[in-house]
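This report refers to the structure that appears directly beneath it.
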Amino acid sequence: MIKVLKLKPLIAVDPEDRWRRIFPMSFVFCINIVLGNVSLRYIPVSFMQTIKSFTPATTVFLQWLVWRKYFDLRIWFSLVPIVGGILLTSVTELSFNMFGFCAALFGCLATSTKTILAESLLHGYKFDSINTVYYMAPFATMILAIPAMLLEGNGVLEWLHTHQSVCSSLIIIFSSGVMAFCLNFSIFYVIHSTTAVTFNVAGNLKVAVAVLVSWLIFRNPISGLNAVGCAITLVGCTFYGYVRHMLSQQPPGTPQTPRTPRNLIELLPLVNDKIDDKV
């Protein structure tokens, strides 16, 4: 996309900034992927996707607790249906597993941390989704390669020797990586082509479709209250996106607008303050 098709220009980043800013994001990104895969071993896809909707709440809470960022009261109130829906879904989940639930919940925390790091650590670089993947992917590969060889190397070799045809499985694995990249590319395209509210609604529609497809394929049991809890969570996420969009449209000096002390959001100074050289 960058080197061959040249759809986006490459944003130059100082080598020191790559390790100080992008490497921490890549590390948290890997933790998020591992926790997501672990949770899927113990809980259904529908339940995991519903828990993922908890991410806006964990993001706001972490920004308030760690980064001391202040939020409008309407933001806090909009989180009530999200939290309530998650609690109702968890209590009524027929395939509930505490270990899988905790893995998915900590995955939400990892996702929120990655989002916050992207906002604070990359301050000064006008990054887009494709350039972010361009710099994060090598670090993520390096971080996961050694644990993968140590923990799963023997299992992979055994799998290669015992299966008569591994071509179909390799196609599935490769296709998963291609779709993951297409997801990042589509996020970049949708955000720049529509509004934040549209993007938020589309994300909630994805959760609803994932829940439905999960039930159709795996036939995991879903109770009536469980479906109600999932619906409340989706409505809460949509309302949260609407509130954030309305607050973002307010002038900077308007009271009740979320505000962050300047010295707290800029956690790490740039190696080179000449922004024009990096864009």
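Start at 1 and count along the chain as shown; that gives each residue its number.
Each residue, glycine too, has its Cβ placed from N, Cα and C.
According to TrEMBL, the domain 'Sugar phosphate transporter' annotation covers 16-240. Residues annotated as transmembrane segment in TrEMBL: 21-40, 73-92, 98-121, 133-150, 170-190, 197-218, 224-243.
A Cβ distance under 8 Å defines the sequence-distant neighbours of the transmembrane segment (133-150), meaning residues of its chain 6+ beyond its ends; these are 2, 10, 13, 18, 22-23, 25-27, 29-30, 33, 181, 184.
Per-residue pLDDT, averaged over the domain 'Sugar phosphate transporter' (16-240), rounds to 79.
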